[in-house]
Amino acid sequence: MMIEMLIAVALLGAAVVFVAPNRYAGKLAFLISLVPATLSLWMYTAFDGSGNALLGGDLAYETQLEWLTFGDYAISWFVGLDGISLPLVVLTTILTTLAIVSSWTPIDERESQFYGLVLFIEANLIGVFAALDFFVWFIFWEAVLIPMYLLIGVWGGPRRKYAAIKFFVYTNVASLVMFGAFIALVFGLGDAVTSFALPEVTAAMLDGGPEGLFGVGGTTLASIVFVAMFLGFAVKVPVVPFHTWLPDAHVEAPTPASVLLAGVLLKMGTYALLRFNFTMFPHEVVEPFLVPIGVVAVVSVIYGAMLALAQTDLKRIVAYSSVSSMGYVILGLIALTQFGVGGATFQMVSHGLISGLMFMAVGVIYNATHTRMVTDMSGMADRMPVAVGILIAGSFGYMGLPLMSGFAAEYFIFFGAFGAAFDYAPLFTALAMFGIVIVAGYLLFAMQRAVFGPYSLETDYEVTRAPLHDIAPMFVLLGLIIALGVAPDLIFEMITDAVDPILENGGEL
Amino acid sequence: MALLELPSWAALAPMLLLLATALVLFVVDSIRPGETGRGLLAGIATVGSLASLGVAVWFIVAGVGQPGLEGLGVVELFDGQLVVDQMALYFTIVVAVVTALVAIASYDYMDGHAYQAEYYSLVMLAATGMATMAAANSLVTIFIALELASLPSYALVSILKDNRGSVEGGLKYFLIGALSSAIFVYGISLVYGVTGSLQLTAIADTIAAGDADPYGGLLGLGIVMLIGGFAFKTASVPFHFWAPDAYEGAPAPISAFLSSASKAAGFVIAFRVFTEAFPVGATADLIGLDWTLAFVILAIVTMTVGNFAAATQNNVKRMLAYSSVGHAGYALIGLAGLGADGGELVMGAAMMHLLVYGFMNTGAFLFVALAEHWGVGRTFEDYSGLGRRAPVACFALAIFMFSLAGIPPLGGFWSKYFLFSAAIDAGLLLVAAALVINSALSLYYYSRLVKAVWFDEPLADRDALAQPIGLYTAIVIAAVVTVLLLPAFGPVSETAVEAAAIVVG
């Protein structure tokens, strides 16, 4: 019942905070969020699962309860963790706690509602990573949308309404495409499945696949569903050309919402890609799409980085760089090798930490200066040495400096992708690696303009050092980034344990 | 179970409790006319409807209405004029729930209005009529129940006598109601003329035996007229014109009552008449036409007309009124699928939708009642920025709106999904497509309201808004249940599909 406990604490906490007085809301939310964070760390140390959740592995903290039956299909409350989902659950709980602390300064109106929504998102994110029944999973997946829509729309920047609605429409349409595709798949599987439990659907898929639906043949149906689901998840990731909601949402969102958006929400997309597209479908269905997806991944890496290079808004730079980083994840996934898929999962965690750190650092600087334009800033290092130091450290993480988690993640992905079996794999990998150069370029360029040189910011505000509670969460993140960089096996071992069955099953490429 | 020792008429307890509450209200008011505290009146109405709800839930759990259960099975009363089965209890639950919410909310809304005791007893009488509609098993009892539900409703719509809109809405409702009653009764007489019986199962027997053979056309005409009668009650096209005016003019809790409870009661009549009296196969042979076709067309037209009209409204109450026309279209799918295998699934899904709708739509109208209580005006612009002043109520509103629009993961999505998958299963591809397209469309106008209360800046500085306890309680309960229905979907769907299966047979 550990997973239920995490979700319940966050949900009840959300309700309590929502009606609490504004003055105490932030502290109260922090205290409540410590519970899931501590529990999930304990779950990490006591983790005893093995294998892949969808491929008959032993799950940790599993619960399966009958829920309802409609027509021929049963739906059950089915949750559990394997080596892929556990790190993401821990990432969620820790980032939520840190995001709450980092919002104490910037959020100064309607606090209780704000923190209530943040805890509500946390509950649903945990649910997304833990759920193993399609319907339960989908409920959590969609329940993330509404609070995020409100967070952006109510507490966001000047163009918040546009950004919130764009975010909502893009991701909701994508979800429905994916939902329709999955339902078509289950109907197409016919009598082979009697429930929406993902392991059962996976087993049926790998054991013969769909019979067909409405005159569409089984193989064709599987391919159509693969594409529709890929599109549905690709918007969430996001990959080029479905990325345009991301910079808008990020730039308008308040800092803590950006932290959660980049840190965890984007991972929902890649996590779902890994779970659905690259675990459920047999090798024959996936193979023809590897090269097109590879193109998309490489384009996302390079184009995202180029877009970041062209920005002058610090937050936009970080936002676009997410497009680029998530492109690496896709590249790792299609490699279908232990290092590729494992590295992609590792990168999900690593990018969650690093982008969270970057958004927090940008937020702290914005709070002090009320500008995010690198063209306006100069010599920030003199006034805010600690915050700027962390920003630089985060940038190094992004660039993949050894001994930081970004390096380990990218190394695994490139190593895995270079040896992948699909056509032109070395070429794609080489092109994607070039992205690192651009990343280094735009980050160093931005640093050089904003951080160094003489202080020249013209503003009515006095720019001073940030308070401790703004800085502390970033140190925690930095510590985690370095820990994972120095000892990737903290999570990489459990990840590969869960990844290996996928590869055996698909026939290692 | 103790139920075994009760006389069979005790199965009517949920309905009788509603009736008794109405009478108690009369008595209480006549002791000190016009002076009785509103708290007492609202309290009695609430307790009465909750008691009715409790008994109905107890019955359904204990198994009243399940065939094959010794002594507790389907209870037929008065020579089969009334029948208490799972379906009757299910819809009594919907009616009782909405009545309770309306009674709680009216405590604040009716503050300062005249005719309080009359108001509450009319509500309870109308609820009695609706609960009787759920149990009626012959065309006569159906008609009587229909009128028992309608007459108090006419009075309730126009109870704000000093308000022109209220009187006008009541008048329109009454005129169209009288017209449709006439059509309905004419339809009954035609069916009686052809089959020689009024009881639903007897009609079916006559049709199946071929005794009505030469008069197929006449029977068809009768059926069409019956459809007209309940299309009025459910505000389906083409008898929906009264709905926006009546809902707009009526006190907002009454709009909630009519659009949720009364609509559900209208559907239970349709479900019962068309499954019990006119089984698809035999009737189609006789009249030469499959009546499910009429419902396919009616469903598509109703949801489309309702949604398009709702999208063009500037007045929140009218928008909700038209959206309720659209939802009638979704529920009509329950009838459209009856001809196919798995008809009971489609109907069960429609029943689930009506239950979910009972909460989310009542909640939405009660929010309007709250806004009227505050006096903030009626257009979308007037609602802007309310989220700053009343976050809890506005959060509940967001839940209602997203649920009505069918946004996952809220209740409205699931009932629509079950409707969709059951419709596909029954081969109604066109209807299923219309459902999806209309649902997607509806997001536009529902989200407009969410955007107004949460994102837009208020037009004028508002003073602190009052927090009326009754309205808040009702809205929060409705919102909590709309969310909590999700984990409860298991038992609810089982009950609904089981009830539908008993009726479909």
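Sequential numbering from 1, following the chain as shown.
A Cβ is built for glycine as well, from the same backbone N, Cα and C atoms used for every other residue.
Automatic, uncurated: that is what TrEMBL annotation is.
The transmembrane segment feature in TrEMBL is assigned to B:6-28 (among others).
Within the chain, the transmembrane segment (B:40-61) has long-range Cβ neighbours (under 8 A, six or more residues past its boundaries) at 3, 11, 13-15, 17-18, 20-22, 24-25, 28-29, 84, 86, 89-90, 92-93, 96-97, 99-100, 103-104, 106-107, 110, 116-117, 120, 123-124, 127, 131, 470, 495. Per TrEMBL, transmembrane segment is recorded for B:40-61 (among others).
Counting residues 6+ beyond its ends, the transmembrane segment (B:87-107) has Cβ neighbours under 8 Å at 14-15, 18, 38-39, 42, 45-46, 49-50, 52-53, 56-57, 59-60, 64-65, 119-120, 123-124, 127, 130-131, 133-135, 251, 253-254, 256-257, 260-261, 264-265, 267-268, 271-272, 351, 354-355, 358-359, 362-363, 366, 369, 468-471, 473-475, 477-478, 495-496, 499-500, 502-503 in the same chain. As annotated by TrEMBL, transmembrane segment applies to B:87-107 (among others).
For B:119-136 (among others), the entry in TrEMBL reads transmembrane segment.
Marked as domain 'NADH:quinone oxidoreductase/Mrp antiporter transmembrane' by TrEMBL: B:136-442.
Residues or ranges marked as transmembrane segment in TrEMBL: B:142-161 (among others).
Summarising the annotation, TrEMBL assigns transmembrane segment to B:173-194 (among others).
Taken from TrEMBL, the feature transmembrane segment applies to B:252-271 (among others).
TrEMBL lists B:291-312 (among others) with the feature transmembrane segment.
Tertiary neighbourhood of the transmembrane segment (B:319-340): same-chain residues 234-237, 240, 243-244, 246-248, 255, 259, 263, 267, 270-271, 274-275, 280, 284, 290, 292, 295-296, 298-307, 309-310, 313, 346-347, 349-351, 353-354, 357, 361, 364-365, 368, 404, 416, 419, 422-423, 425-428, 431, 435, 438, 442, 445-446, 449, 504, selected by CB-CB distance under 8 Å and a gap of 6+ residues from either end. Under the heading transmembrane segment, TrEMBL lists B:319-340 (among others).
Sequence annotations record features per position, and here TrEMBL assigns transmembrane segment to B:346-371 (among others).
Residues or ranges marked as transmembrane segment by TrEMBL: B:417-441 (among others). Cβ atoms under 8 Å from those of the transmembrane segment (B:417-441) belong to residues 296, 299-300, 303-304, 307-308, 311, 326, 329-330, 333-334, 336-337, 339-343, 345-346, 348-350, 352-353, 405-406, 493 of the same chain, restricted to positions at least 6 beyond its ends.
What TrEMBL lists as transmembrane segment is B:469-489 (among others).
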**OP:** Would you kindly list the residues that approach the transmembrane segment (B:252-271) from elsewhere in its chain, counting only those six or more residues past its ends and only Cβ-Cβ distances under 8 Å?
**Re:** 87-88, 91, 94-95, 98-99, 101-102, 105-106, 109, 123, 126-127, 129-131, 133-134, 136, 142, 146, 149, 153, 156-157, 159, 227, 230, 232-235, 243, 246, 317, 320-321, 324, 327-328, 331, 334-335, 347, 350-351, 354-355, 357-358, 361-362, 364-366, 368-369, 372, 500, 503
Subject >> Residues from the same chain, set at least six apart from the ends of the transmembrane segment (B:469-489), whose C-beta lies under 8 A from its own >> reply: 42, 101-102, 104-109, 352, 355-356, 359-360, 362-363, 366-367, 369-370, 373, 392-393, 395-396, 399-400, 403, 409-412, 414
Subject >> Same-chain residue ranges lying at least 6 outside the transmembrane segment (B:142-161) that approach it to Cβ under 8 Å >> reply: 113-115, 118-119, 122-123, 125-126, 128-130, 132-133, 136, 167, 169-171, 173-174, 177, 181, 184-185, 188, 229, 233, 246, 249-251, 254, 257-258, 262, 265, 269, 272-273
Subject >> Spatial neighbours of the transmembrane segment (B:6-28) far in sequence, C-beta under 8 Å, 6+ residues away >> reply: 36, 40-41, 44-45, 47-49, 51-53, 55-56, 59, 64, 75, 77, 82, 84, 89, 92, 96, 99, 117, 120-122, 124-125, 127-128, 131-132, 135
Subject >> Other parts of the chain folded back onto the transmembrane segment (B:291-312), taken as Cβ under 8 Å at six or more residues beyond its ends >> reply: 223-224, 227, 231, 236-237, 240, 244, 274, 278, 280, 283-284, 319-330, 332-333, 335-339, 428, 430-431, 434-435, 438, 441-442, 444-445
Subject >> Positions whose Cβ lies under 8 angstroms from the transmembrane segment (B:119-136), at least six residues beyond its ends >> reply: 12, 14-15, 18-19, 21-23, 25-26, 29, 41-42, 44-45, 48-49, 52, 81-84, 87-92, 95-96, 99, 102-103, 106, 110, 113, 142, 144-150, 152-153, 155-156, 159, 254, 257, 261-262, 264-266, 268-269, 272
